[in-house]
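For 160, the entry in TrEMBL reads active site, O-(5'-phospho-DNA)-serine intermediate. What TrEMBL records for 152-288 is domain 'Resolvase/invertase-type recombinase catalytic'. Feature annotation from TrEMBL assigns region 'Disordered' to 127-150.
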């Protein structure tokens with residue numbers, strides 16, 4: 001039976017629902033899902049054991065229903081008020097305090113150790129707010145989007161090679177409500193399922209945070225298409241490295257200009273790299289040193305594959321056993 005939990009982020013804020021693969025005293029291996037729990041990464045990642053709450057993912061579900069709600073605690077860790085969290089920083093949490101009667105305070109700084117991210121469940125509904133003696137006891141009304149940002153902070157991270165580290169991008173991005181990732185060197189957007197899931201997940205008011213432009217797109221045209229698609233949903237996008245922000249409500253012309261310049265330089269750099277590679281290959285051929293790319297399959301493997309196909313085995317199963325894609329197997333069979 002699968003065992004689920006809640007992964008906690010900065011100051012104990014719920015970060016994601018995870019699959020608990022192996023729980024240890026200091027570290028726990030957890031798996032992540034990018035398609036709302038349909039499939040899970042069974043290889044997983046190691047995280048600090050104290051950041052995993054073994055609760056079946058209950059806290060994450062509560063947080064999803066009320067992502068801004070939290071409980072204000074006294075120094076003695078007793079419930080002291082109902083909060084609507086605005087921003088979470090390393091040393092302070094900015095939030096509004098419910099004053100009763102449907103009224104909220106201005107955004108105030110709260111010490112992180114006095115904020116419990118429990119969707120406000122620890123604050124009794126029937127208890128009168130200590131900061132407002134005449135406060136009503138009804139459940140607080142949610143803040144309107146005109147006065148409070150209710151969207152989620154969502155991140156997208158991608159690594160192109162086995163040597164690159166997800167942790168570096170996560171550190172640059174900071175605390176988020178939901179994370180999507182791709183761990184492959186995808187040449188086309190169709191191969192990046194994490195990105196597609198991320199865009200489908202975004203809602204109006206959400207902010208997508210990406211470590212840098214090259215983590216999101218491989219070309220300027222692709223980048224512009226993605227930005228337009230995200231903004232059309234009412235969400236915004238922030239690139240950490242380049243300090244660029246884009247949204248449907250306010251498209252900064254300076255950011256658009258910088259985007260075009262960066263994209264042009266990126267295209268120029270890639271063309272130079274391709275040209276140098278071609279020159280290097282040509283020189284190696286002239287010197288008799290270039291032998292081309294190593295074949296994925298040996299002649300013996302290809303002959304064995306052809307024999308198995310004649311016996312009735314599927315090409316898909318054979319390619320999987322050989323550790324290559326179907327297209328690679330098809331090409332190899334066609335070349336002999």
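Backbone N, Cα and C define each Cβ position, glycine as well.
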Any idea what the model's mean pLDDT is for the domain 'Resolvase/invertase-type recombinase catalytic' (152-288)?
-> 79
What number of additional C-beta atoms lies within 10 angstroms of the C-beta atom of residue 160 (active site, O-(5'-phospho-DNA)-serine intermediate)?
-> 14
Hey, does DSSP put residue 160 (active site, O-(5'-phospho-DNA)-serine intermediate) in a helix, a strand, or just coil?
-> coil
